[in-house]
Amino acid sequence: MTNAAASDPTTVVDQGRGGDVPVVVLVSGSGTLLQALIDAASGSDYPVRIAAVGADRPCEGIERAARAGIPTFVCPPGDFADRGAWDVALAEHVSAAGPRFVVTAGFMRILGPATLGAQPVINTHPALLPSFPGAHGVRDALAYGVKVTGTTCHVVDAGVDTGPIIEQRVVTVDDDDTEESLHERIKVQERDLLVEMVARLAREGFAVEGRRVRIG
């Protein structure tokens, strides 16, 4: 997904100053990653305020946000003539909340240039990118026979899980693992990684320079 962070030589997001850094979170499903951020943001020392939660469909993630008193919006692609029109509308919803950056937390759509060009977008993926991108990263890693896999936090660009890598966590694959058992252990690391990196990016700022992400 080519956002400013991937298409420009350098994209800089300044560190937060004088209060919580606003972010928008995009979801498509149950919102367990979102819930980890909601729980973290409820603490007085967490540097992020979730300014809005958006989705491409009605889902449990939107309900979680509403229960937490967070503004929400739903922007279904089917309501628009084409993907380009949907992308522009989504970008308008996101920008209206004034985020420093955007987090996709289980958002199952490829973002277009309008959304990607407005603010940097970060995502987590349940594999060690660039290996095993796409919707079946856990299954593909297990089928390949790798001994370690994990989770990746990365900047979103116009591709599928191809953006610059911010941070990674490793999870050992056990001999008796199933896709489900492995995914459950990865999810624990994925939630922790997302909460940690969103805080660091907000607190310290970051710069994307080609394929490299520099924090602070």
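Residue positions begin at 1 at the first shown residue.
For all residues, glycine too, the Cβ spot is worked out from N, Cα and C.
Curation does not apply to TrEMBL; its annotations are automatic.
The annotation domain 'Formyl transferase N-terminal' is assigned in TrEMBL to 23-197.
Taking the Cβ of Asn123 ((6R)-10-formyltetrahydrofolate binding site) as centre and 10 Å as the limit, one finds 24 other Cβ atoms among all the protein chains shown. A strand conformation is recorded for Asn123 ((6R)-10-formyltetrahydrofolate binding site) in the three-state DSSP classification. The (6R)-10-formyltetrahydrofolate binding site annotation in TrEMBL covers Arg83, Met108, Arg109, Ile110, Leu111, Asn123.
The feature active site, proton donor is assigned by TrEMBL to His125. Listed in sequence order, Pro133, Gly137, Thr151, Thr152, His154, Asp161 are the same-chain residues at least 6 apart in sequence whose CB falls under 8 Å from the CB of His125 (active site, proton donor).
Marked as site 'Raises pKa of active site His' by TrEMBL: Asp161. In the shown protein chains, 21 other C-beta atoms lie within 10 A of the C-beta of Asp161 (site 'Raises pKa of active site His').
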Note to self: With the (6R)-10-formyltetrahydrofolate site defined by the record as Arg83, Met108, Arg109, Ile110, Leu111, Asn123, how many Å span the farthest pair of C-alpha atoms?
What the structure shows: 21
Check: Which one of the binding-site residues (Met108, Leu111) has its C-beta surrounded by the most other C-beta atoms within 10 angstroms?
Finding: Leu111
